[in-house]
C-alpha cells in the first residue's frame with residue numbers, strides 16, 4: 001500500500017515536471033519531503049529535473065535545484081545530464097542555473113563520449129556555447145572518438161557561427177587532425193562548405209597544405225570530385241593561400257639553418273678551446289725545469305727543457321699522433337667558425353653537407369685525441385686492456401662515421417643528378433593482384 005502511494009506521488013511529480021507546475025511541486029513536497037531524494041534511485045531513466053529541462057520550464061528547474069541541487073549531477077541511461085539536455089536545446093538560463101549547481105558537469109560525457117559543450121556546438125547554440133566555454137575552457141579541448149575535437153563537430157554539422165565563436169579561444173588547435181589525419185579544412189572541402197572554407201582560409205591560420213593519412217591535401221580532395229561551380233569557387237579560395245604557403249615552406253629550411261647556426265657556433269668554439277688547451281698542455285703536463293746535465297755535471301743523453309711536453313720525451317710516437325689529431329680538430333673547428341661567419345652564398349644542401357663533414361671530422365679527431373691522452377696517463381699494468389678497448393671503440397666509431405659519410409654523400413649526388421634529369425635509382429613498386437590480372441588480360445587480348 002505504501003509503495004503504491006509512493007508510485008502515485010512519483011507519477012504526479014513527473015507530470016508536474018512535464019507541465020512546469022511549481023505549485024504542484026510544492027504540494028507534493030509538503031506531503032513527502034523525501035520525494036526528490038527518492039526518485040534519483042527509484043527512477044534511473046530520467047529525473048524530474050531531466051523532464052523539466054527538456055520542456056524548458058525554468059521556474060520548475062530553479063525550484064528543484066533549490067530543494068535538491070544534487071539532482072544536477074544525475075544522468076540517465078544514455079549518460080545524459082540535465083546540462084546535456086539544456087545545451088542541446090539551447091536553453092541559456094537553464095544552463096546557467098545548472099552550471100551554478102554543478103559546474104563539473106561541463107566535463108561529463110554521454111554514452112557517445114560527448115560533453116555538453118560538444119552538443120551545444122553541434123546544434124549551433126552560440127550563447128550556450130559561450131557560457132560553457134567561459135565556465136570550463138578545458139571542456140572545449142577534450143577529444144572525442146577517432147581524435148575529433150569540437151572544431152570538427154562545428155564543420156561536420158555546418159555550424160559556422162559556433163566555429164567563429166570557438167576559434168579565438170582555441171586558435172592553436174585550428175590545425176588539429178583526427179585519427180585519419182584530417183583537419184577541419186579537409187572536412188569542409190570534402191563537404192563543399194564554401195562559407196566555412198572562406199572563413200578558415202581568410203581569418204585563421206589554417207594550413208592549406210596539410211596532408212591527411214592518405215597524403216592528400218585539401219586541393220587533392222577537391223580534385224577527386226567532378227568539376228562544378230562549387231568546386232571552381234572553392235579552388236579560387238584555396239589557390240592564393242597555396243602560393244603563399246609554398247613560399248613560406250621554401251623559407252623554412254633557411255629559418256631552420258639560422259636557428260641552428262648559433263648552436264653549431266657554440267659547439268665549434270668549445271671544441272676549438274678544448275683542442276687549443278690540449279695542444280699547449282698535453283696529457284702528462286710539461287717539464288717544470290731544464291734537465292741537460294746529471295748530478296755529476298755530465299751532459300745527459302736525452303735532455304729536456306722547461307715548458308716542453310712530457311709526452312714528447314716519454315712517448316714520442318703517441319705524441320706525434322696526438323698532435324696530428326688535435327691539430328685536425330683545432331683547424332676543422334676553426335673552419336666551421338669561419339664558414340658560419342663568412343656569409344658565403346652556399347646552396348642550402350651543399351652548405352649543410354660541408355658543415356656536416358667538417359663537424360664529423362672535428363668530433364672524430366677530438367675522440368682520437370682523448371684516446372691517446374688516456375693511454376699516456378694510464379699505468380703500464382693497465383695499459384694493455386685499455387689499449388684494446390680504445391682500439392675497438394675507435395674502429396666502431398670510424399665505421400659509423402664512414403657509413404654516414406658515404407650514405408649522405410650518395411644522397412647528395414643522387415639529388416644533384418635528379419636535378420640534372422638523370423635518374424640513377426628508381427624504387428620498385430609492386431602492383432596489387434587485381435592490377436596484375438588486368439595487365440595480363442590486356443596482354444592476352446592483344
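We count from 1, first residue shown onward.
The backbone N, Cα and C atoms fix where each Cβ goes, glycine too.
What TrEMBL lists as domain 'PGG' is 254-376.
Note on the repeat 'ANK' (78-110): residues 47, 49-50, 53-54, 56, 58, 61-62, 65, 69, 71-72, 116-117, 119-120, 122-123, 125, 127-128, 131-132, 135-136, 138-139, 142 of its chain, located 6 or more positions outside it, place their CB under 8 angstroms from a CB of the stretch. The feature repeat 'ANK' is assigned by TrEMBL to 78-110 (among others).
Residues or ranges marked as repeat 'ANK' in TrEMBL: 112-135 (among others). Confidence annotation: the repeat 'ANK' (112-135) carries a mean pLDDT of 95 in the model.
Annotated repeat 'ANK' per TrEMBL: 180-213 (among others), in sequence order. Same-chain residues lying 6 or more positions outside the repeat 'ANK' (180-213) and placing a CB less than 8 Å from one of its CB atoms are 146-147, 151-152, 154-156, 158, 160, 163-164, 167, 171, 174, 219, 221-222, 225, 230-231, 233-234, 237-238, 241-242, 245-246, 249.
Under 8 Å from some Cβ of the transmembrane segment (263-287) lie the Cβ atoms of residues 304-315, 319, 322-323, 326-327, 329-330, 333-334, 336-337, 340-341, 355, 359, 362-363, 366, 369, 372-374, 376-377, all in the same chain and six or more residues away from its ends. Residues or ranges marked as transmembrane segment by TrEMBL: 263-287 (among others).
Per TrEMBL, the feature transmembrane segment maps to 327-344 (among others).
Within the chain carrying the transmembrane segment (351-372), a Cβ under 8 angstroms from the stretch's Cβ atoms is held by residues 257, 264, 267-268, 271, 274-275, 278, 283, 318, 321-322, 325-326, 328-329, 332-333, 335-336, 339-340, 344, 390, 393-394, 397-398, 401, 404-405, 408-409, 412, all 6 or more beyond its ends. The transmembrane segment feature in TrEMBL is assigned to 351-372 (among others).
TrEMBL lists 392-413 (among others) with the feature transmembrane segment.
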